[in-house]
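Take a look at what TrEMBL says about it:
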type	residues	note
DOMAIN	307-422	domain '1,3-beta-glucan synthase component FKS1-like'
REGION	1-24	region 'Disordered'
TRANSMEM	471-488	transmembrane segment
TRANSMEM	508-531	transmembrane segment
TRANSMEM	543-565	transmembrane segment
TRANSMEM	585-607	transmembrane segment
TRANSMEM	651-675	transmembrane segment
TRANSMEM	720-739	transmembrane segment
TRANSMEM	1459-1481	transmembrane segment
TRANSMEM	1605-1621	transmembrane segment
TRANSMEM	1707-1724	transmembrane segment
TRANSMEM	1736-1756	transmembrane segment
TRANSMEM	1776-1794	transmembrane segment
TRANSMEM	1800-1818	transmembrane segment
Amino acid sequence: MAAPPRSFSRRMTRNPTMIDPGSEVVDSELVPSSLASIAPILRVANEVENDNPRVAYLCRFHAFEKAHHMDPKSSGRGVRQFKTYLLHRLEKEEEETQPQLSNSDPKEIQKYYQSFYEKNIRDGQFTKKPEEMAKIYQIASVLYDVLKTVVPASKIDPQTQSYAKDVEEKKEQHEHYNILPLYAVAVKPPIMELPEVKAALRALRDVQNLPILRPLDEGHRSVNDILEWLSSVFGFQKGNVANQREHLILLLANIDIRTKGFENYEQLDNNTVHLLMDKIFKNYRSWCAYLHHPVNIMYPQGSDRKQLELLYIGLYLLIWGEASNIRFMPECICYIFHKMSDEINGILFSNVQPVSGGAYQTTMRGEESFLQNVVTPIYEVLLKEVRRHNNGKASHSAWRNYDDLNEYFWTDKCFKLGWPMDIKSAFFVHSEEKRPDAAGRDQIISGKKKPKTNFVEVRTFLHLYRSFDRMWVFFILSLQAMVIIAWNHNGSLAVIFEEEVFKHILSIFITLALLNFLQATLDIILSFNAWGSLKWTQIFRYILKFFVAAFWAALLSITYARSFQNPTGIIKFFSTIGGNWRDQSLFSFCVVIYLIPNFLAVLLFVLPPLRRSMERSNWRIISLLMWWAQPKLFVGRGMHEDMVSLFKYTLFWITLLISKLAFSYYVEILPLVAPTKVIMKVKVSNYEWHEFFPKGTRNIGVVIVIWTPVVMVYFMDTQIWYSIFATIVGGINGAFSHLGEVRTLGMLRSRFESVHSAFRQRLLPYSKEMVRKEHMDDPMGKKNSAKFAQVWNEFIFSMRMEDLVSNREKDLLLVPYSSTTTVSVVQWPPFLLASKIPIALDMANNFKRKDDAELFRKITADDYMRSAVIECYETLGEVLYGFLEDEEEKMIIRQICREVDVSIQQRKFLSEFRMSGLPLLNNKLEKFLELLLKDYDDEESYRSTVINILQDIMEIITQDVMNNGHEILEKSHQIDTHNEHDKKQKFERINIHLAKNPTWREKVVRLHLLLTVKESAINVPMNLDARRRITFFANSLYMKMPNAPTVRAMLSFSVLTPYFKEDVLYSEKKLNLENEDGITTLFYLQKIYPDEWNNFEERMEDPKFNKDRIESIRQWVSYRAQTLSRTVRGMMYYKDALRLQCFLDYAEDDAIFGGYQTMDMNKDHKNLMDRAQALADLKFTYVVSCQVYGAQKKSSDLEDQNSAANILNLMLTYPSLRVAYIDEREETHDGKKVYYSVLVKGGEKLDEEIYRIKLPGSPTDIGEGKPENQNHAIIFTRGEALQAIDMNQDNYFEEAFKMRNVLEEFHKTHHGQRTPTILGLREHIFTGSVSSLAWFMSNQETSFVTIGQRVLADPLRVRFHYGHPDIFDRIFHITRGGISKASKKVNLSEDIFSGYNSILRGGYITHHEYIQVGKGRDVGMNQISLFEAKVAGGNGEQTLSRDVYRLGRRFDFYRMLSFYFTTVGFYFSSMVTVLIVYVFLYGRLYLVLSGLEKRIIDDPNLHVSKSLEDALAPQSVYQLGLLLVLPMVMEIGLERGFGTAVGDFIVMQLQLASVFFTFQLGTKAHYYGRTILHGGSKYRATGRGFVVFHAKFAENYRLYSRSHFVKGLEMVILLIVYQVYGESYRNSSLNMFVTLSVWFLAVSWLFAPFVFNPSGFDWQKTVDDWTDWKRWMGNRGGIGISPDKSWESWWDDEQEHLKHTSIRGRVLEIILALRFFVYQYGIVYHLDIAHEDKDLMVYGLSWFVMATILLVLKLLSMGRRKFGTDFQLMFRIVKVLLFFGFVTVTVILFLVLGLTVSDLFAAILAFAPTGWAIILIGQACKPCLRRIGLWKSIMELARAYECAMSVLIFMPIVVLSWFPFVSEFQIRLLFNQAFSRGLHISMILAGKKDGDKKSSN
């Protein structure tokens, strides 16, 4: 055959995407996306290369020709480079390869094809496994395609054609499969032999009653099952059909087996299909009922109901499986199903179209018909709306998100779409058109936008009032009533019953009416953009409520005013309206009428079943009655809890509110009333500034200043009370849940006897009948003990493989379970029996009396000692007896044992045996056992040594221990009359090969441990994590959990992990990459985990463990980081646990006692293990959604390639692992990109594609990345439950064993016959030991996922989904929008929205703490801050969302309180806490600078200061983060003891935990507030790595400048001004607490990033940081310059949120900036140069000075820029003149006008804030300033301010860096946890590694 044409082979220059021919990467995996179809050909070439290189060459040549034909111009990305590479390889192979089977290429490939067919297909099809056959058929198909291009058609011999025809006919039956090889012919895997799978498959293949469709072409094959028939009708994709076929079979099989026994059966139970039908179509039926449309599910009389049900289920699943992004729109899917099922009904029953009356078309449709005609049009609508979103720059009200488009299908309007859908209908027609701009690009011009649906996400804090109006009304009315009572307080609360006071209290109803009017107004304003989509009835309701609210506000005001005899003020105005009548009873009558709806609401509140029924009713009369109370929506109906739950959380909140209101009244309100009354009477005539209202009465300004922070505290401190009450209730709940009952190994040891029975009851299938049967069959309970031993030992083995325990510790922890033992006592694990034998020996040796009973009483007093002694005695006899070969010698052993037994029975043991010989015997036995366990090379030498020691032992026993031992030996002489041996010649015939027997060796090891282990059991295991896992597992066995079903009867489940580009496995390069101090990650971890590293080294020395050392080290490091490999290893424990559970469920006694570890070696038990594997596959699926895996495989980036290779290795290591990814392919003809969802598994060496489903477009273009990643892969999950796992999580074998128990929670009905839809699980934070910050975060997170969520679930009933590892009712959620929500920005915190969605749609969420999953958290200051910023921004978006609004409005009052204070309320309270500081300080600034403090507050009769301090104390407590510590202390106390909790609390404070929490308070407040005002929330990648590096000053400044540093400096200035100009508020006891707390806040915000920065006070690093900062400040910005390279770029990036904010946002920024002008206005009047002049001209002159300064600076800047180069001399002269001018003016001011030095410092305090205000206002008005040319001036002014602020912050760091002890102290502070684990962190940070020293020597 000719070589490839030379025209293709011109040499090209290499570029980064060129493929290296010498690369180890397989060429088939690097094929450009536009040439994807040639990848299988290249794979086949690689497969056959070793067998026949010439055929491989021909395959590659065929691939090259095909590639050239597909893209002759090489226009696709990477095509030219790939073709060049392939051409070079072909040229080389053309010369190197020769035909082997023939003399020409055509004959060569024909012969090879025939031999391949005969060897692998004809002869191997009945012996090979399905996955092997799939690969073989794939190779055969490709080979024939190549053959056809090489051999002319006329020359292909008939035999080859016959073989090819056979392959073509059968290849579809031999495709790569996921779990079920449905078409396996010969060697069927065990899973296909399960009766439930057979029955489900048989039911699905029943197509007898279905009409035959007209085929599209002649070659169309027949329909084999229901899903294929549906695909023929609607044109579903082949991959989708195959995927949903397996999905449906597994669902049916798993449900069916639970309704039947385990015997073989053939037919699927009708009830099985009915149950699945009910679950899948519950939401659809509800939707139809809501819209008053009949369901399109029909069962005509005489039809096969089961077949129809399967048809409808299959249709729904096929729609869902191909719906792509539309899966987030469940009611849209309902609509599609509604119309398609109607079409099905027409085909099956009427065969007449309902509209036209014509016959239905029964022609088959093309494969992508459904995608093109249904999914793609809707996707394009989504895509157009996202373009309006403009990547987060447009406001939420400007575009329709997923919820808006889905809620379109909540109205009858959706039926106007018709079917097939009318693309010209309003839903699809969009107002965007593309016009080419000047550059020729398409520019999107937005026309009139479509209205939002039902709700508008407007950026305003008013959402908090609108969503939670009942709470605010309650607190406002309570405040008003308490102020009125306090105002009239006479020493007793009975004052409220006085007529005048009571009349004033009644004014709260006017306030109520006004607040309701505000609510009605907000409803109109905030929903106005959605009016275009609302029904007229809803719009009418909004307007009517507005007018009714206005009417009631006016009526109640007028009638209230009329009830006063001599009205004054505003009351007098209202009393004159409407005539002359006056009557108190009229007002009361109006109030009663006004409150009637509230009375009805209370009635319905105490009768939740009635309210639930009314809300869920679709009767029109009920809807009419409910119309006024709440607008009708499809979700959020009937969410009311049962009476028990209602009572519990109502009691919680009533108790809390009483406490809160009492505290507020007596501490916050009452003490301020008396001073306020006096203040309002004081007259002030002399102010210290220019007062604009000098004749104002009652000093209203002072009253506002005093009361505002107190009122803010009043509204905030409920959060504090919630923390206190939640801590108490959570602690009580935890105690009743048995948490912490086994918290130490000592406790475990004392209860270990009952652990085995608790295990039997909890973790094995359990019922009274089973217990009764077991008791009859196995009265000693040995089988159950053996089962416990299997699980316990697998647990210990798993910890050994994780290097948490050493080999010795493993041996001490293992429990024997062999049935061959003759030991008569329970064999406890050796760690329980440690030191028992040595102690017993000492007791016996020192026992002087001859009374057996006393000695035995002492020994048997300790059960473990008794067991140890008996086991040692019996095992020693058994070992010696088995070791000896001579029968006479065995008889001696038997005789000795008989003597011992008889002497014990006759109580003559001490008289017949000498205890003094026992120590010597013990020493010899230790040597003997050690010798038996040693390996040997010289058998004779070894035998001789063993015989010698054995003879010594026998001599000691007979001579030193036994009184009559010589008699036994003499008797043996008499029996053996033929041979006369003396004692030295005995015991020479031994079986030393017995040492290789595993069972016998296990006994020897155990006996050796019992004799030698002398230390306390408390020290085993040494590893803290191993101890935690053992104690938690033991503790969980005593907690309440459902009984375990058998594996076959358990719920099936999947685990889904989204992955993007995080670390999979640390590379060798990354392990050894040194940081700036010369520290590698490997070295760091070796010091952090020294015991685990030692265990790893010990494991690597084991010859049985023959893995590559480098690879093992990579894994060891990766398993201690937050990597995908750690997560996958943990999740695959589920598979291991299931296999073990299957073994325990179905194994016979001999297998149980033989041991699970030996099963794979025992051929007799192969069927059992196959069955276990099959059931494990049936029950568990693990899918990792590696979104960009396809791109990573083809990437030229080395890191991406490594990630892809590591993911592939995971698939090869874990055959059950599945990887889903989004494949992006480029079409060769038009360059258009096509996207697919692909599922792959590990093959022999590469991944094998299982399913490929085409998508309408890129799914991640529509929504947030992570939920879209989950959504595309969720179709590949299986089962009835789905656990969502992040890739920073871990799992443990012992916890995986409890999974079937947890899944049974889905069957438990709770109050009201509801079953859970989400099961919340506890988490263990495994990153707590890395540093003090990691420890703080670990404790904070642990308290939230334990005590926090415990209280949320019970009693508050507001637990949602806070991230993974919760378990979802999969069918419930896939029919209701999935396990997260994905609208851009709004659903940034995607996880919690799935919880909201679940509750709104009638779900029930629980929390369970008897199982835990590991989770990693961020460990560095900057990582933590980025995480907190993301969460705070997410909560800001939640505040604006419809989900929060609907939950807030539709929960009852007390549940709404729980919801608020545990979600957005927590972040709002954090922001208010910070605002209180500002309000308090600015209020004080006003009082000080105006002179009011001196004239009013200082009055000794007022005591205002003390009252104010008392009221502000709660804010200080909250600010310091003490409330976050409360739950931590309670949980630590509960689980580890309160002594430990107090100790940890003290250590945390010493490590500056309060500084950390105070700093994070600022992070929360800043990002929460900014998100609501301007947006800008985004996902912030934190890295999740180990923080062993130093963050530079510039990096910290960039990250914290706006959120902390600016605010901290502002507070410092406020405090300085107050301290300088204030004279009162000095001697109060609380002054120090409140003022110091503000100083603490300011200092924490300014310096916490440096305190918690590794090497933050190292002198050399400080110098480097300064150099780096100067470079950063000086660099110019511009396009393409990143923020970390230039201050200008960073500054521009910091204002990104202002570029796209609304006018309202800009105005608010300007208003907030005005506060900085107060300094200048107040301070200039206090200057000595002002001479106490209070005229406004003084302030005007200060502005003249300010303008002059700015003008001079501007002139200097312009001069430097324009004259600094060409007119250097002139510019210098000008600068000198300006300098002299400045000096002259200063001298004149000093000498003539009385300027003082203090005035200069005061001027800085006055003018510096003014300049900053100008900058802030300039930023808000940037477009205007840019137009008028002032923007650069603002930027230069800002640069000067940034430099000044940086220097102010940097100087203290410089000073502290001078002192070396500060750096040492910081190291101890940061890494104290690591110190406690043996980490020499100073060595690490200094880079002084011992190894380096040795090498240098």
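Here the Cβ of each residue, glycine as well, is placed from N, Cα and C on the backbone.
Predicted automatically and left uncurated, TrEMBL annotations should be read as such.
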Summarise the domain '1,3-beta-glucan synthase component FKS1-like' (307-422) by DSSP state, stating how many residues are helix, strand and coil.
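DSSP classes over the domain '1,3-beta-glucan synthase component FKS1-like' (307-422) add up to 81 helix, 3 strand, 32 coil.
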How about the transmembrane segment (1707-1724) and the transmembrane segment (651-675): do they have 3 or more C-beta pairs under 8 A, pairs 6 or more apart in sequence?
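No, these stretches are not in contact.
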Give, as a single whole number between 0 and 100, the mean pLDDT over the domain '1,3-beta-glucan synthase component FKS1-like' (307-422).
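Mean model confidence (pLDDT) across the domain '1,3-beta-glucan synthase component FKS1-like' (307-422) is 87.
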Per the definition of 3+ C-beta pairs under 8 A with sequence separation of 6 or more, do the transmembrane segment (1736-1756) and the transmembrane segment (1800-1818) touch?
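These two segments touch.
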Under 8 angstroms, Cβ to Cβ: which one of 471-488, 508-531, 543-565, 1605-1621, 1776-1794 has the largest number of such pairs with the transmembrane segment (1800-1818)?
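Maximum Cβ contact count belongs to 1605-1621.
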Which sequence-distant residues neighbour the transmembrane segment (1605-1621)? Criterion: at least 6 residues beyond either end, Cβ under 8 Å.
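For the transmembrane segment (1605-1621), the list is 1474, 1477-1478, 1481-1482, 1484-1485, 1488-1489, 1562, 1566, 1597, 1635, 1638-1639, 1641-1646, 1719, 1723, 1726, 1802, 1805, 1808-1809, 1812, 1845, 1848-1849.
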